[in-house]
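Input: a single structure, listed below in C-alpha cells.
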Amino acid sequence: MTAVYMNGGGLVNPHYARWDRRDSVESGCQTESSKEGEEGQPRQLTPFEKLTQDMSQDEKVVREITLGKRIGFYRIRGEIGSGNFSQVKLGIHSLTKEKVAIKILDKTKLDQKTQRLLSREISSMEKLHHPNIIRLYEVVETLSKLHLVMEYAGGGELFGKISTEGKLSEPESKLIFSQIVSAVKHMHENQIIHRDLKAENVFYTSNTCVKVGDFGFSTVSKKGEMLNTFCGSPPYAAPELFRDEHYIGIYVDIWALGVLLYFMVTGTMPFRAETVAKLKKSILEGTYSVPPHVSEPCHRLIRGVLQQIPTERYGIDCIMNDEWMQGVPYPTPLEPFQLDPKHLSETSTLKEEENEVKSTLEHLGITEEHIRNNQGRDARSSITGVYRIILHRVQRKKALESVPVMMLPDPKERDLKKGSRVYRGIRHTSKFCSIL
C-alpha cells in the first residue's frame with residue numbers, strides 16, 4: 001500500500017526528505033575538488049557542504065547510513081522509548097549537535113488507519129506554538145521507514161519520576177500541572193484534541209519544566225463536534241468513552257487532566273482494576289477515594305474535574321482560576337512563527353531573532369539560494385530541519401521558553417512526607433478501537 005500523508009492537513013502522496021546526491025546539487029553544493037575561490041585557489045568547505053559531501057563520499061558515513069545508524073543529518077543512538085506503533089531513539093544533529101528524539105515507524109506496518117493518525121500527529125504539532133508542547137523539527141523517509149524528528153526532553157517522563165520517587169508535593173504538582181493545563185488550553189483554542197493525555201506523555205526538560213508530547217491520537221475537532229473513536233489509555237478514559245456512542249473531545253481531555261492531577265498528588269491512580277472490564281465498571285461508577293494528606297482545595301479541584309456528566313466538569317478556565325491554583329503563573333503561548341525558512345530570503349525586514357537565525361544558517365553554509373531551492377518541501381527537508389532547530393535554540397536563549405523557578409522542600413523532608421508510597425504500577429499502554 002502506498003503511504004499518504006499530510007500536507008496542510010489533507011492526505012496527499014508522500015513527499016518526505018529522502019537524502020540523496022540530488023540534495024547537494026539542488027542546494028548548490030559541489031564536490032570538494034571543484035570548490036575554488038575567486039582566484040582559483042581551493043577553499044575550505046562550509047559545514048553544510050562538508051556534511052552533504054560526506055554522506056555520499058565518506059566511507060564511514062556511508063556505512064552508518066547503510067546500517068541505519070544515520071538518517072539524513074542525524075546520527076542515531078540508543079532507544080529511549082516506544083510508542084503505539086513505533087520506537088523512539090536518541091539522535092544527534094550533525095550540523096548543530098542538537099540532541100533530538102526520533103520516532104521511527106516501519107512503513108510496511110502503516111495501514112490506512114495508522115496513516116491517518118500519523119498525518120494528524122504531524123499536522124497537530126505544526127499548528128501549535130507553545131513552550132510546553134514538544135516541537136516537530138523534521139520528517140525523514142527512507143525506503144523502509146519514516147522518522148519524525150522531534151525536540152528531545154532529557155529529563156524523562158512524569159510517569160517515571162513518580163513511579164520511582166513517589167508522589168509530588170502539592171507546590172511541585174501545581175507548578176507542573178499549570179504547564180500541562182496551559183498547553184491543553186492552547187490545543188483546545190486551536191481546535192486540537194490530544195486524546196492521550198497521561199503521565200507517560202508528559203516529559204521533563206528540567207527539574208521544573210515539562211512538555212506534553214505524543215500527538216499520535218490527536219485530532220482536529222470544532223467546538224461541540226462529536227467524535228466516535230476510543231483513543232488513549234483505559235485508566236485515563238472518561239466514562240462517556242465506555243458508555244456513549246459519541247463524545248465531545250475537550251471533555252475527554254479534561255477528565256484525563258483530573259486523573260493526571262490525582263496521580264501527581266497521590267502517587268497512584270483513582271481508578272484501578274486487574275482487568276479492563278473491571279476498570280470500566282469502576283470508572284462508570286465513579287467511585288474513588290482521595291487520601292487524607294491531600295489538601296481540601298486540591299480535593300475539591302479533583303472532584304470538580306472528575307464529574308461523570310461531561311458538561312458538569314470544570315472547564316479549562318475554571319481549572320486555571322481554581323482556589324488551589326491561585327498564585328501559580330501560567331506559561332503563555334509563543335507568538336506564531338514561520339515553520340519554513342523561505343521568509344528569510346524573501347524580505348529584508350526581519351525581526352532580531354530571525355536575523356540571528358539567518359546569520360547562524362549562513363555560518364553553517366546555508367545560503368539564501370539554498371533556502372529558495374528548499375521552498376515547498378515543508379518539514380520534509382534537511383534545511384527546514386536545521387532552520388527549526390536553530391530557531392528553537394534562539395528562542396530558548398532569549399527566554400521565550402522560560403524555565404519556571406520555585407522553592408521546593410528539602411528532598412529528605414519530601415521523602416519523609418511521602419513515606420513508602422511509591423507507585424509500582426506498570427506503564428499504561430494506549431489503545432485504539434472504534435466504539436460500536
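Just so you know, glycine gets a Cβ as well, placed from its N, Cα and C.
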Problem set entry | Candidate annotated in Swiss-Prot as phosphothreonine, out of THR229, THR367, THR429 | THR229
Exercise. For THR229 (phosphothreonine), what is the secondary structure by DSSP, using just helix, strand and coil?
Worked result: strand
Exercise. Nearest to ASP196 (active site, proton acceptor) in three-dimensional space, by Cα, is which of the recorded positions ILE80, SER82, SER86, VAL88, THR229?
Worked result: THR229
Exercise. If you draw a 10 Å sphere around the Cβ of ASP196 (active site, proton acceptor), how many other Cβ atoms fall inside it, taking every protein chain shown into account?
Worked result: 27
Exercise. Which whole-number value in Å describes the distance between the Cα atoms of THR229 (phosphothreonine) and ILE80 (ATP binding site)?
Worked result: 29
For this session: Would you mind listing, in sequence order, the residues at least six apart from SER86 (ATP binding site) in the same chain with a Cβ closer than 8 Å to its Cβ?
Result: LYS103, ILE104, LEU105
